[in-house]
Structures are given as structure tokens and as C-alpha cells.
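Asks: I have a structure I would like to understand better, so I am pasting it below and will then ask my questions one at a time.
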2 protein chains.
Amino acid sequence: MANDELKQAWKIPEPTLRRLPWYLAFLKLMKGKGETFVSSTQIAKEINVDPSQVAKDLSFVNISGKTRVGYDICALVDVLEDFLGFTAQHKAFLFGVGSLGAALLQDTGLNQYGLEIVAGFDVRKELAGTVVNGIPVFHLDDFPAKQKEFGATIGVITVPVDKAQEVTEQIIAGGIKALWNFTPFRIRVPEHIVVQNTSMYAHLAVMFNRLNSINH
Amino acid sequence: MANDELKQAWKIPEPTLRRLPWYLAFLKLMKGKGETFVSSTQIAKEINVDPSQVAKDLSFVNISGKTRVGYDICALVDVLEDFLGFTAQHKAFLFGVGSLGAALLQDTGLNQYGLEIVAGFDVRKELAGTVVNGIPVFHLDDFPAKQKEFGATIGVITVPVDKAQEVTEQIIAGGIKALWNFTPFRIRVPEHIVVQNTSMYAHLAVMFNRLNSINH
């Protein structure tokens with residue numbers, strides 16, 4: 001418990017980390033329109049968040065606004081992009097070049113946000129040696145060798161549900177530190193491994209349910 | 001306030017809706033292995049959630065377990081798939097056939113989870129008339145006419161950030177009831193419209209931050 005609290009103290013809250021990219025998207029829009037300064041009240045109004053929340057969220061970032069004029073937009077965009085890790089390149093491997101996996105290899109947007117997928121892996125022999133959107137696909141057996149070559153820190157998991165845990169363990173054994181799990185399976189990992197779940201199907205379920213609620 | 005509370009009473013909590021697909025994925029695995037019954041304790045252990053939470057979550061679904069033997073897996077899988085909306089087909093239009101948009105059109109997995117994307121729209125004239133993964137792409141100007149033809153209820157938004165709000169308003173004016181927003185922009189909608197935000201870049205930010213934390 002005490003250990004958990006200690007952790008929380010230096011950790012930026014996840015809701016803050018999830019809101020900061022919203023602020024960033026809005027700030028980039030304003031920058032594009034030639035605006036130079038923005039107040040936390042303006043951001044709050046646009047994003048539909050409490051102004052005190054915006055100020056609190058931005059207090060985690062190393063920038064301060066000026067009384068009356070607010071934040072320098074250009075500086076805030078730079079600081080936020082850097083803070084959120086979007087300016088660094090994080091090397092990643094993608095596991096499972098199926099429908100969703102291949103789709104993610106196609107998405108060049110991830111690259112602009114700091115995720116550089118350098119290779120894909122699959123157990124299907126016919127996929128080994130193919131290239132998707134310039135990214136080479138290898139057989140899963142080649143992962144340890146390729147990891148020595150590339151030194152990826154992130155693993156994107158898009159394998160079938162029944163392989164999720166097995167592949168997770170292989171990935172971690174290979175030295176990958178963070179897992180971006182797109183499967184609806186709740187993977188189990190040692191404490192020092194970072195897991196980010198993005199279950200698109202869970203989001204679909206929430207949307208369907210809300211949609212049915214308004215129709216009844 | 002009273003109105004909000006009233007709403008909450010018949011609304012299934014979002015965390016529950018997000019956990020149910022995890023249970024479903026695990027149950028399908030067990031079913032595949034030939035298992036017939038499962039207890040909430042087993043599910044809880046596997047998913048790493050409190051057993052009382054599992055029982056509470058499943059109480060929203062119309063099924064009851066038997067003392068000692070637990071839940072009938074086949075029945076629970078069917079009920080959950082139905083409850084989550086994965087067995088119905090929800091017609092959707094996708095707006096913005098860029099990198100991410102085209103990638104989502106490629107993902108046939110969405111179809112298996114009840115989302116049937118029947119058409120894509122884009123403002124780029126050269127994309128009109130093309131077909132991605134069997135799905136036709138039209139010019140955005142054709143949306144009202146195509147909406148009369150297809151009657152989609154869901155709009156998937158993958159347009160650039162600076163077009164997100166404008167396109168949102170067009171989509172709603174065209175009669176779409178729920179928006180799946182993949183842009184990092186916080187779109188504003190009338191109260192009766194359902195919005196589900198899936199900001200992959202926000203998830204990336206959380207992952208990068210946690211990754212940096214363990215390295216320091």
C-alpha cells in the first residue's frame with residue numbers, strides 16, 4: 001500500500017495523460033490559425049473540461065502561463081509534444097499480421113506520434129518475407145534474432161485471443177518493456193512491464209449499449 | 001443532478017461494459033478448450049479482477065450461475081455476445097479515408113463484432129469511386145444521398161483534426177446517432193448523440209510515459 005502511494009506520487013495520473021493530447025490537438029489547430037496566446041479558460045471551454053482541471057493538468061508540464069495573456073501557444077505545443085513522447089522515436093515490433101495488425105502497419109499516423117514499427121511477426125510461413133507499407137514481416141521464430149538487431153522496446157499485440165498470453169510471454173522474454181495490447185484478452189505480465197490495453201471491441205460494446213439506450 | 005442520477009440508474013456503468021468483453025474473450029477460450037462450466041472466482045482470477053466485481057458485472061446480464069458449478073459457458077458466451085451488441089449488425093459510415101481510415105476499412109474484425117462499415121467518405125476527388133476491402137468510397141458531398149440509401153446509425157471519424165468538428169456537424173445533420181471518434185480532437189455534440197472516443201495517440205502517450213518512468 002505504502003509502495004503504491006509512493007508510486008502514485010511521482011506518476012502523472014492517467015486521466016491527465018489522456019487529456020493532454022486533446023489540449024495538444026486544439027493548440028495545434030489554434031497555432032494553424034495564427035493565434036499566439038491561449039488561456040486555460042479558453043482550452044477548458046473548447047475541450048469541455050473544468051478550467052481548474054486544465055491548469056492542474058498543465059502544471060505537470062514544465063511551462064507557466066503569463067497573467068492575463070496566458071500560455072504561448074508555440075511553446076506549449078513544443079513542450080507538450082515532447083512531454084507526451086511524440087517527438088522521440090520508440091522502436092516497436094508488431095505481433096500478429098492479421099486483419100488488424102496489417103491495418104496498423106498501414107497507419108503512418110502512429111509514426112508521427114512517436115511509434116516506429118520496424119517489423120511485423122507472424123506464425124504463418126507465407127507471410128514471412130513480405131513487406132507491408134515498407135515494414136518487413138518475419139516469422140515469429142526470428143523474433144529473438146531480430147530483437148538483437150533492432151532493439152525494440154515496445155510490442156504491439158494483434159494476435160488471436162488464444163495466442164495472446166503465449167506471445168506476451170515470448171515478447172517479454174525477448175526483452176520488450178512495454179506492450180500495446182489490442183486483443184480483447186487481459187494479458188498477465190510481471191510488475192515491471194508496461195501494458196496499455198486498447199480494446200476497440202470494448203469501445204464498440206460501450207457505443208452499441210449507449211445507442212440502444214437512446215433508442216428505447 | 002436528479003436527472004443525471006436517474007440516467008445512471010438504468011445505464012450500465014462504462015467500466016462494466018469495458019470488462020464484459022474481457023470475460024467474453026476468456027469464456028470463448030474456455031469454450032474452445034471444451035470446458036462447460038465456470039465460476040466467477042475462476043473468471044476473476046484469470047482477468048485479475050475482484051470476484052465480487054465479476055459477479056456484480058454479470059448481474060447486469062440476464063443469466064444466473066448455479067451454486068457450486070457456476071455459469072454454463074456456452075450460454076454465457078451467447079448471452080454476453082448478444083448483450084454487448086456483437087451479434088447484431090450496426091451499419092456505419094467511415095469519414096476520412098486517410099491512413100487510419102483506410103486501415104480501419106481493412107480490419108474485418110470489426111465486422112465480426114457487429115460493426116458493418118458500408119461506405120467510406122472523403123473530400124479528395126481522386127478517392128471517390130475507389131473500393132477498399134470491398135467497401136465503396138464516395139465523395140463527402142454524396143453523404144446525404146447515400147445516407148438515404150443505407151440508413152447508417154454510426155459514423156466512424158478518421159478525418160484530420162482541423163476538420164473533426166465540421167464533419168461531426170455534417171454527420172449529425174445527416175441523421176447519424178452515434179460517433180466513433182478516432183481523432184485526438186474533442187468533438188462537441190448535442191446531448192442525444194452518443195460519442196465514443198478512441199484516441200490511439202492518447203494511449204501511446206500513456207504508454208510512453210509509463211515506459212520512461214520504469215527506465216528512470
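Placed from the backbone N, Cα and C atoms, the Cβ positions cover glycine too.
Because TrEMBL annotations are produced automatically, they should be read as predictions rather than curated entries.
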Asks: So which range, B:22-61, B:62-101, gets flagged DNA-binding region in TrEMBL?
Replies: B:22-61
Asks: Who are the long-range neighbours of the DNA-binding region (B:22-61) in its own chain, taking Cβ under 8 Å and residues 6 or more past its ends?
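Replies: Same-chain contacts beyond the flanks: 12, 16, 69-74, 76-77, 79-81, 83-84.
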Asks: What does DSSP call B:Ser99 (NAD(+) binding site) in the simple three-state scheme?
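Replies: In the DSSP reduction, B:Ser99 (NAD(+) binding site) maps to helix.
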Asks: List the residues in the vicinity of the NAD(+) site, defined as same-chain residues other than B:Gly96, B:Val97, B:Gly98, B:Ser99, B:Leu100, B:Gly101 with C-beta within 8 angstroms of the site's C-beta centre.
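Replies: Checked against the 8 Å cutoff, the neighbours are B:Ala102, B:Ala103, B:Leu104, B:Asp122, B:Thr158, B:Val159.
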Asks: Across all the protein chains here, work out how many other Cβ atoms are within 10 Å of the Cβ of B:Gly98 (NAD(+) binding site).
Replies: 16
